[in-house]
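Asks: Here's the feature list from TrEMBL:
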type     : residues  : note
DOMAIN   : B:68-275  : domain 'ABC transmembrane type-1'
TRANSMEM : B:12-36   : transmembrane segment
TRANSMEM : B:67-92   : transmembrane segment
TRANSMEM : B:104-127 : transmembrane segment
TRANSMEM : B:156-177 : transmembrane segment
TRANSMEM : B:198-220 : transmembrane segment
TRANSMEM : B:254-282 : transmembrane segment
Amino acid sequence: MTTTTVSLRGISKAYGTVTAVDGLDLDIAEGEFLSLLGPSGCGKTTLLRMIGGFEEPDAGELLLSGESVVGVPPNRRAVNTVFQAYALFPHMTVAQNVAYGLRQRRQGQPRPSRAELAERVREALALVRMSEYADRRPKKLSGGQQQRVALARAIVNRPDVLLLDEPLSALDRNLREQMQVELKLIQRQVGITFVFVTHDQAEALSMSDRIVVMNAGHIEQVGTPQEVYGSPATAFVAGFIGTQNFADGIVKDRVVVADEVTYAPELSALDGLEDGRTVRVAVRAEAVTVVAEPLPVGTANTAVGTLAGTAFLGDVVQHVVLCEDGREILARTAAAGAQPLATGALVGVTWAPESVHVYPADAS
Amino acid sequence: MARRTQRTTASLSFPVWAWLVFFVFTPLALVVWYSFGYKPDLFTAVSTDQLSFDRYGEVLDGVFMPMFWATLRIALTGTLLCLLVAVPFAYWMAVKVDPRWRPLLLALVLVPFWTNFLVRTIGWQVILAPSGMASDVLNAIGILDGPLDILYTRGAVQLGVVYNYLPLMILPLYVVFERLDPSQREASRDLGAGRWRTFFSVTVPDALPGIASGCLLVFIPLMGDYLTASVLGGARGTMVGQIVARQFTSAQNWALGAAMAVTLMAFVLLTVLIVAALFLLVRAVVRRARHLDLGVSP
C-alpha cells in the first residue's frame, strides 16, 4: 500500500464562464512520476497551479500529505515548481538561485548555516551536472542549462511534490529527449513525487509511472503508459495518443459494420453494446498492415484501396490507402521490413481483431 | 557596402545631432562663456572682453550656497516622497489591476500634463490658501482649528514639487513593473518567500533601472525648478532656481546668472555621482552578504 501525497477531491475551477477544471478526483502516490497529459486548454496547467497554490479551487478539497491546503499560500506548501520559462532570477548567480529557497525562513526549522547551505547547493548542482556553472548568471546559460538550474533550485528544498509545467517544451528535439531520460533518472534518485504537465504524448509515455489524460477539465483516463496506449478508455484518449484510424459504424451480429468495411474486434470489446448501436471504432496506424494483393471485399478486418502515398518518417514508413468509399486508412510499418509498393497500386489492408477498439458513439 | 550603411546611419541620425548641436551644446557653451564675463554697466547684461573666475567667487560667497542646500533638501525629500508614493501605485497599476483598465489609469496619471505647469501650481495656491479648500476640509473634520498656515512656506513648496513631478516617477516605474515576468514572483513565493521578501529580493532588483531613471527624471528638473517655489514658496520657501532666474530677468546680470547656472549643474552632477557611488557601495555589501562560496569553482 503506497502513501498518497496529493489528494484531489471534487476540485473545480472556473474563469468567468469558462470551466477550466470540473469536479476532478485524483490521488497521487508518494514517489511516483505522474504526467498530466492533454491538449491546451484541458485544465492541466490550472490543476498544477492549484496544487502549487497559485490558484485557489472554487470547490473541492486539496490534501497535501493528508492535510488540507486550500487557502494556504505557495510559500507555506511543501511543493516546488519548475516553471515553463524557468523563471530564474536574472540578478543572482546559479548558486544564489539554487540557495534562494534554502534561505527563506520556514516554520519550525532553523535557517541552515552557511556551510550547510553551500553543501546542499553543491549537492543539488552536482545532481543536475551544473557544478562548474555555479558562479554564472542565468543569462549566460543555454536553454538546457537553465532548465537544469531551475530543476536544482526546485528540488534543493526537498519538497513533498515537484510540479513541472511543460519544462521541456522550449528545448529542441534532441535536447528534449536527452532531458526526458535525465529527468526520469533524477526523479528515481531523489524519490520525490513528480507531477509533470505536458501536451506531448511521447514525452508522457516515455517518462511516466502513470498518465492522467485530461480533456475539457475532466479526466478521461488514468493508467500506466502501457494501459493508456494499449487500451485507451475513450475515443478521446485513443485519438490523443498515437495515430488512429477512426470509423463510425453500427453493431451488427457482434461485429461493427462501417459502410463497406467490417471491423471484428474481440468479443469482449462489444460487451454491453447491443445490436444497432452506433459506435466509433479505432485502429492504430501501427496495427494496420498493407498487403500487395487485394483481399476479397467484405472479409472482416480488411479493406481494399489504392495506395495514395508513402511517407518515410525515419524509423517507420507511413502508407496512406484511399478506399473506394473515400475513407483514408493510415498504416505504419517499421522502415526496415517495409516492402516497396508503387503509388496508385491496388492494395489490401488488414489488422488484427485485438487492435480494434470500440467506443459508444455518444460518449465522445 | 559597409560604408554606405554608415552614411545612411549618419544621415538618419541628422535630426539627433543637429538638435544636440543647436539646442544643447551651443547654448551650454554660451552659458559657460558668459560665466567668465562681467556686467559692465547698468544697461548691459553681459560683456566678455575681460575674462575671469570672479563671478564664480561671487557665487560661492553669496546667497547661492545656503539657497543650494535648502533646494537640495527639498529636491532629495521630494524625490524620496515621489518614490514612496509612486512605487506602490505603479506596482498596483502594473501588476494588480485588470489589464483592461491599465490604459485608463495611465491616461489619468497623465491628465495633469494637459494643463499648464503654472496653472496647476496656482491651483494649489488656491487650495492651500488660509481660506482655501484644504483649510475648510481640515477644520470641518476637526484636525485643524483656525486657518491653515502652509501657503508661502517650504512645506507648500515640498507638496507642490511632489505633485508636479510625481507622474515622472510613476511612468518609468510602471514600465519596469509591467515588463517583469510574473512567473519570477511566483517562483519566489514557490520557494518559500513571503510577499515582502519577494518584493525586495526579486521585484526591486529587476526594477532598478526604472527606479534610477525615475529618480533622475524627478531630481534633476526639480533642482532647477523655480516656478513651483515662486508660486507657493513666498519669502520662506525659495529655491536656487529662482535666484538664477532673477539674475537673467530682473537683475540683468547674465554673467553672474551664467556662473550660478554652471555651478548648479556641476553640483547636481556631483550629487548624482555621490548618490550613485553610495548605491554601488550598498549593492556591493549586499552582494557580499549573499555570495555563496561553494568551494568548487576555481
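Here, residue 1 is simply the first one shown, and the rest follow in order.
Even glycines carry a Cβ here, placed using N, Cα and C.
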Asks: Below 8 Å between Cβ atoms, which of the listed ranges B:12-36, B:67-92, B:156-177 makes the most pairs with the transmembrane segment (B:254-282)?
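Replies: Per the Cβ under 8 Å count, B:12-36.
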Asks: Answer yes if the transmembrane segment (B:104-127) and the transmembrane segment (B:67-92) have at least three CB pairs under 8 Å among residue pairs 6 or more apart in sequence, and no otherwise.
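Replies: Judged by the Cβ rule, the two regions do not touch, with the required three close pairs absent.
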Asks: Which bits of the chain, at least 6 residues beyond where the transmembrane segment (B:156-177) starts or stops, bring a Cβ under 8 A of a Cβ in it?
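Replies: Tertiary neighbours of the transmembrane segment (B:156-177) are 74-75, 77-79, 81-83, 85-87, 89-91, 93-95, 106, 109-110, 112-113, 117, 120-121, 124, 128, 150, 203, 206-207, 209-211, 213-215, 217-218, 221-222, 225, 228-229, 231-233, 237, 239.
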